[in-house]
Structure formats: structure tokens, C-alpha cells
């Protein structure tokens, strides 16, 4: 039932798949990530400087966009596994993505979509005296922004799974190919991010916002063409029907038979279809396990069920095991929500820090919005050296043939994320003290010439290492452990964790501001717009404590988990 087919659903006769097919898929992911990070780093500034929205509300709006684009990935994964297949889901949603990027480009190009810029200098902007965007202008911007996010929702859960589908699981080196694929896949993600943080920022500074957003649309259009050119080379998996229906059938059948006994005289046994093939299209049979015994009642075949029972009363063992697997997977991606929260906070908080620091590197002045390129460069370096340096070192420590298991890699990543935010707190305390002592307390957009922004590289590099180990390990873990007919939904778990992390960042920011700030008493919150009067270091220490608690929860979940 897991035999790959061509685009017409027929058995594959010619040589397809492999690394050549994967290269076309890498190109699509590279452009999607370039657009995603290009919007995440530039949209806050665009809303602040051009649409004249407060920095806080601009930041939260972008965080919500990032969150929705990731949380809605569950929808994309569902459509791929149930009806469309991964290829057609990617094809449809990349087109929607391109339409959204085109709409954003028009917003940044045509004056009708922007408020008047004539009477707005930097002082007026800081005081909030610039003409704000009209409600219909913000409605248009938010609409095209969320259309873009909806497009990303169908791409993100499918691209990594579709790429992994190109390798023959019966092949001799399948595990090795899969391990390298996910590393190279994340390398393509990183290259897209590097381009967004450097070339796109450069285009914005030299040619304006319209050209910057337009370059993202052009890159997306070119990647779509590349993806479609590779169509004859792709291997496909047949969609297995609605996974939500199968999950619902198991829950309903288990509830109906909740009073049935495993030792009943009416019991025939646990139901499974005869033969080698599973009843679920695109899935092999899954052996019975003793976890979640209450769900096994959905597969209890009783004499009263008759010859042709309803699937809402009697399910196969494979169908029940699918639901068990989905439940057992949840704690691991849930423990990565905290890392995604930190990554979201870094996109805005570290940029605010960089505005107060000297970004000169010799005679070269790096734009503040390009600072997030450094964790990407560290990721690029680590992935490039992974097999030659990290794998041999970890192999000696762990004894694992690939250096570290998937869950060990996730744990290493979470540990490095704790070090990153702890260092961020230490440096922010020093930076704020320096600013006050040297008379910069109320000049939060004026760089201090004798304090280099490159101290931020330490926290950036640490979070880059965390991202490599945690996210790559998680993607490989979810693909290998997810049921055959639910691979896209398994991958969507990672995107869902990322989306919840974005929303959690906005919620945490709002809570901290309301608890620590008091406008009536003129008490600034920790996350004051003026970073020099706020207490960002306290916020970083809060993230450190939360990350440590989360790491303990991960260790507990990982020790209990049994690989399939």
C-alpha cells in the first residue's frame, strides 16, 4: 500500500526520485523561506515607517501573521494526506503565496495604499504625529499579508515530506539518505533566510520597499517554474482519505464499546483485514501495541458486529495504531514551542538592541535589519561541517552510528537555546547600564559608537546551533515516526509548534507589558518602546527560566518515548 506512483497514480516504470528530484523541491523551499523571512524582518519596519503604526502593534501584527501561517499548516497537511496528495497541495498553495506577495508589492508601490509621507520626519514618527494609515489601507495590507500566510500553510507541511518521498525506503542506504536530506533541506531554508536578510534588505535600502517585496514575488515565481519543470521526475504517494475521519471513527467506536471487556465471551479478537495490504490507501499495516488500551476497544470485534460492520463501530488495528502514534508524537513538538517563541522574540527584540549599537565592521556599516543573518550564517557553517566534525565527535560520546538520535539532537538544541537567552540577558544588562552612564537613556534610536553590535553574535550563534539540532532532528523524527498515510500531518506538527510559538510570543509580550508597566504612575514596562528605559534583561531571564522548565519536560517526554 506504500508503493510510490507517478503523477497519474500509476506504478512507476522509469527511474524517478532521488537527489535530482529533491533539488527541484529544495528550490521551492528556498524561495518560500526567503519570502517568509523577508516579510518577517521588513514588515515590522514597513508598518512603522510607512504605514505609521506603533512599533508594538506592528510587531504583534507580524507575529500573528507568522503564527497563523504556521498554525494553519495543519490544514495543508490534512488536504495533502486526505485528498490532493503532496504535489498538488504544493502546486496550489505556491500559486496562492505568489498572489499574496504580488498584493504586498502593490501596497508598497502605489501611493493610494499608503498614508501621506510628506509631513513625516523622524521626530514626528517617534512622537506618533505622522498621519496614520486609513482603516481600509490597513485592511488591504492585512488581507494580502494573510493570503500570503495561507499560501505558506499549504507549502510548509508538504515540502519536507514530499522531498523525503523521493527516496526508496526499501533501498540499502535509505536511512543515510534521509538523514542527509533533512540536513540539506534545512540548508536550503538557511540560504533563503540569508538572502532575505542581506540582498532583500540591500534592495530595500537602495531601491525602496516596492522593489524589496517585488524581489520576493519574482523569486517565488521562479521557484514555482522550477518546481513544475521537475514534475516528470517526482515520486508520489497516494492520498489515504481523510485522516480526521479515521481518527473520529476510532474515537466514536472506542466510546461505543467503552463497557466491553477484553475477556468477554462475545469477543472474537482484534479486527484487521486479511492479507498483506492495509485497508488504508497509501499505508502499510501497523503492528498492535499495548499503549492507550482504551483505544483498542475500537478494534474489538464482537459477535454482535456481524459480517459487514460500520467503520464507526469497528476499526482495524492499523487505524487504531495511527491514532495512538499521533497522540504519542504530541509531547515532542510541544516541547519545541519554547524555542520557536525565543526565535520570534529575537526577530524584534534583538533588532531593537541593534539600533542602539555600532553596526560598523571596519569601513562597512551593516543595516540593523540584516543582523538576523548571523544565526543563519552559523546554521550554514554548522550544517556544512556537520558530517565531518559534529557526527564523529558525537558518535564517540553516544555510540550512535549517525552521531546522535533524533531526540538527542532535539535535546541538544533546546539546551543551546537556554544558553542563548541567558547570554542575551547578561549582555542586555551591560548594554543598558552603558547607555545610561553615557547619556543615551532617551536616545534609543541613536547608536552608541563605542559599543559594538557584534556582541549580539554570541546569542545569535548559540540560537543558530539550537535551531540546527532541534528543528532538523524534529523534522526527521516526525517524518519517520508518523503513520504512512499521515506524513504531511506529522510534518505539520513542527509548523504548528512554530505557529503556537509566535502566538505565545505575542501573548507573553502583552502579559509582561500589562503586569510590569503602569501608565498612571509613569512606570515603564520591561518591554518599553524605549529599550534604555525598559528592562529587556529581566524579560530575557524570564525566557531563560521558562526554557529550563521546558527542557526538563522534554527530558521526561523523551525518556518515555519508544521509537517505532
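Backbone N, Cα and C atoms are what each Cβ position is placed from, and that goes for glycine too.
The transmembrane segment annotation in TrEMBL covers 34-52 (among others). Counting residues 6+ beyond its ends, the transmembrane segment (34-52) has Cβ neighbours under 8 Å at 58-59, 61-62, 65-66, 69, 97, 101, 104, 108, 114-115, 117, 120, 125, 130-133, 137-138, 141, 145, 148, 152, 192-193, 195-197, 200-201, 204, 209, 212-213, 215-217, 219-220, 347-348, 351, 369, 372 in the same chain.
Within its own chain, the transmembrane segment (64-84) has Cβ neighbours under 8 Å at 36, 39-40, 43, 92-93, 145-146, 148-150, 152-158, 161, 239-244, 344, 485-492, 495-496, 498-503, 506, counting only residues six or more beyond its boundaries. Taken from TrEMBL, the feature transmembrane segment applies to 64-84 (among others).
According to TrEMBL, the transmembrane segment annotation covers 90-113 (among others).
Annotated transmembrane segment per TrEMBL: 184-203 (among others), in sequence order.
According to TrEMBL, the transmembrane segment annotation covers 209-229 (among others).
Panel annotation: around the transmembrane segment (329-349), residues 40-41, 44, 59, 62-63, 66, 372, 375, 407, 410, 413-414, 417, 420-421, 459-460, 463, 466-467, 470-471, 474, 477-478, 481-482, 490, 493-494, 496-498, 500-502, 504-505, 508-509, 527, 536, 539, 543, 546-547, 550-551, 553-554, 557-558, 561 of the same chain, lying at least six beyond its termini, place a Cβ under 8 Å from a Cβ of the stretch. The feature transmembrane segment is assigned by TrEMBL to 329-349 (among others).
TrEMBL lists 369-389 (among others) with the feature transmembrane segment. A Cβ distance under 8 Å defines the sequence-distant neighbours of the transmembrane segment (369-389), meaning residues of its chain 6+ beyond its ends; these are 37, 41-42, 45, 180, 183-184, 186-187, 190-191, 193-194, 197-198, 201, 204, 346-347, 350-351, 354, 359, 453, 456-457, 460-461, 463-465, 467-468, 472.
As annotated by TrEMBL, transmembrane segment applies to 410-427 (among others).
Look at TrEMBL and you will find 453-479 (among others) tagged as transmembrane segment.
Annotation comment: TrEMBL describes 491-512 (among others) as transmembrane segment.
The transmembrane segment annotation in TrEMBL covers 538-558 (among others). Here the transmembrane segment (538-558) has long-range neighbours at 331-332, 335, 337-339, 341-342, 345, 349, 407, 410-411, 414-415, 417-418, 421-422, 424-425, 428, 512, 516, 526-527, meaning same-chain residues at least 6 beyond its ends whose C-beta is under 8 angstroms from one of its own.
Of the two recorded stretches, the transmembrane segment (184-203) lies close to the transmembrane segment (453-479), with three or more CB pairs under 8 Å once pairs fewer than 6 apart in sequence are set aside.
Distant neighbours of the transmembrane segment (491-512): 56, 59-60, 63-64, 66-74, 76-78, 153, 156-158, 160-161, 329-330, 333-334, 336-345, 471, 474-475, 478-479, 482, 525-527, 539, 542; these residues of the same chain sit at least 6 beyond its ends, with a Cβ under 8 Å from one of its Cβ atoms. By the Cβ criterion (distance under 8 Å, sequence gap of 6 or more), the transmembrane segment (410-427) is counted as touching the transmembrane segment (453-479), at least 3 such pairs being found.
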